[in-house]
């Protein structure tokens, strides 16, 4: 059974990245009978930030953890299992201060676990979350996929770097950009993103 992990992170009620990502996940599901969508609304249901208790607990084998430490890593363990079980991951975020939403960053902090999603070797770190396809839906008021503002887009390079570190390199970004350039530009950007979603679904 195929698993699609859907991660939405925008806190905005009028978010554009969220409905496009949801539509993509649902279309992929409809194209693959028997598949399931596991959704994490990271804005509506914020994850716990890592703290001293958490960082100490993950450095111990499970059997050596105290009851309090076990509770501290419970959510992280669930998130790691969801990530490893997923065949496809759909991520939505707005470009906030040139990067991803903090809610999505917290998810990353919870799933980047040595021994679970990556490991250290004598020749360097090796990602363990391999064999997955990722789609990133990125919304922004300006244009950051190309042109003079492209160097300010830290979201896509960061996601490619950190997901690559975990062993995930097959990543496509669906830009919904130029939304602040007026209604006509916004409509054009939304239509282009929806068209790409349809193309992806038909090819699935």
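Note that Cβ sites are derived from N, Cα and C of the backbone, with glycine treated the same way.
Pulled from Swiss-Prot, these are the features on record:
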type	residues	note
BINDING	10, 15, 16, 17	FMN binding site
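Taking the mean position of the Cβ atoms of 10, 15, 16, 17 as the FMN site, the remaining residues of that chain whose Cβ falls within 8 Å of it are 8, 12, 14, 18, 19, 20, 21, 92, 93, 94, 137, 139, 176. In this structure, residue 15 (FMN binding site) belongs to neither helix nor strand by DSSP; it is coil.
The binding-site residues in question are 10, 15, 17, and the one with the fewest Cβ neighbours inside 10 Å is 15.
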